[in-house]
Amino acid sequence: MSNHYFDPRLKIFSLNSNKPLAQKIADAVGVELGKSEVRQFSDGEIQINIEQSIRGGHVYLIQSTSNPVNDHLMELLIMIDALKRASAKTINVVMPYYGYARQDRKARSREPITAKLVANMLETAGATRVLTLDLHAAQIQGFFDIPVDHLMAAPLLADYFIEHGYEGDDVVVVSPDHGGVSRARKLAEHLKSPIAIIDKRRPKANVAEVMNIIGEVKGKKCVIIDDMIDTAGTITLAAEALIEKGATEVIACCTHPVLSGPAIERIDQSSIEKLIITDSILLPEEKHSDKIETVSVGELIGDAIKRIHENKPVSPLFETKKG
């Protein structure tokens with residue numbers, strides 16, 4: 001930690017989902033991580049103890065609701081309740097990865113809208129603000145009646161690609177589906193590159209079929225961008241389709257490396273040369289791969305926390321540093 005932050009009322013706590021990222025965020029802000037303990041009873045019940053006074057404090061609580069999603073969500077809700085009962089002035093929930101974000105609408109009859117349910121639970125528990133990163137659906141911000149600050153990783157990823165020479169007309173930014181076009185367009189604007197779109201049909205959950213490529217990729221370096229990669233079916237099929245259409249190189253990137261099931265094996269065996277991820281989700285040792293490189297969002301989130309605490313705009317964080 002290089003500098004101590006000037007306001008002792010700003011406090012950062014971490015739960016169990018991603019302590020390394022929480023430490024990077026605390027270092028970027030210039031504060032020590034708060035002291036708390038998370039225990040489990042023998043039947044799995046979670047008990048939390050805050051080991052310092054936070055009365056009147058502005059608390060930023062770091063927790064991605066990643067695998068195991070339900071355990072991490074319950075940790076978060078219980079900690080919010082503990083902070084509220086300990087008289088924290090504000091409880092700012094920092095969710096780099098918002099679990100259940102894929103359930104943002106009723107795609108079929110009699111389905112729940114679980115992303116809205118999670119928003120309700122966070123507010124009921126006592127959250128006064130949410131800070132998150134690359135929501136699967138941006139409209140989830142509207143599920144809350146408290147302020148939501150929605151950060152984007154595209155500028156960070158753009159800085160990586162610019163630094164490694166992936167910019168200009170020789171590069172095509174590819175959206176793996178129609179829903180990700182705005183995300184691809186943002187990255188393409190930073191790189192000053194054109195975009196292409198994969199037109200896919202998904203016959204059932206976690207199974208994707210590539211149908212068509214909209215855009216010119218022949219002789220180009222292709223950068224596929226998605227908000228998350230789960231089983232990697234979509235991204236690897238997209239890479240094969242791009243190579244078949246004449247792309248000279250395929251690199252993929254995502255904000256949230258869920259990487260469940262056969263994801264790592266698929267990536268290792270695919271035409272993808274590199275996968276650039278962020279550390280919004282802690283990647284366990286067994287999911288490491290020589291193809292994967294990580295860009296940290298710790299400084300980005302740390303800067304956002306300072307700006308929020310000082311009532312400064314967060315919008316400057318949407319620009320690249322190298323562009």
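A Cβ is built for glycine as well, from the same backbone N, Cα and C atoms used for every other residue.
Listed in TrEMBL for this protein:
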type	residues	note
DOMAIN	10-126	domain 'Ribose-phosphate pyrophosphokinase N-terminal'
BINDING	ASP43, GLY44, GLU45, ARG102, GLN103	ATP binding site
BINDING	HIS136, ASP177	Mg(2+) binding site
ACT_SITE	LYS200	active site
BINDING	ARG202, ASP226, ASP230, THR231, ALA232, GLY233, THR234	D-ribose 5-phosphate binding site
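Here the features listed in TrEMBL are painted onto the structure.
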residue : record                            : Cβ neighbours (10 Å)
GLY44   : ATP binding site                  : 8
GLU45   : ATP binding site                  : 10
ARG102  : ATP binding site                  : 17
HIS136  : Mg(2+) binding site               : 21
ASP177  : Mg(2+) binding site               : 18
LYS200  : active site                       : 18
ASP226  : D-ribose 5-phosphate binding site : 25
ASP230  : D-ribose 5-phosphate binding site : 19
THR231  : D-ribose 5-phosphate binding site : 18
GLY233  : D-ribose 5-phosphate binding site : 20
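Packing around THR234 (D-ribose 5-phosphate binding site) is summarised by its Cβ count: 23 other Cβ atoms lie within 10 angstroms of its Cβ, all protein chains included. Across the domain 'Ribose-phosphate pyrophosphokinase N-terminal' (10-126), the DSSP tally of helix, strand and coil residues reads 40 helix, 27 strand, 50 coil. Between the CA atoms of LYS200 (active site) and ALA232 (D-ribose 5-phosphate binding site) there is a gap of 14 Å, rounded to the nearest whole number. Model confidence over the domain 'Ribose-phosphate pyrophosphokinase N-terminal' (10-126) stands at 98, taken as the mean pLDDT rounded to a whole number.
Comparing the Cα of ARG102 (ATP binding site) with the Cα of every entry in HIS136, ASP177, THR231, GLY233, THR234, these being the binding-site residues, the smallest distance points to HIS136.
Within 10 Å of the C-beta of ALA232 (D-ribose 5-phosphate binding site) there are 29 other C-beta atoms, taking all protein chains into account. Taking CA atoms as the reference points, GLN103 (ATP binding site) and HIS136 (Mg(2+) binding site) are 9 Å apart.
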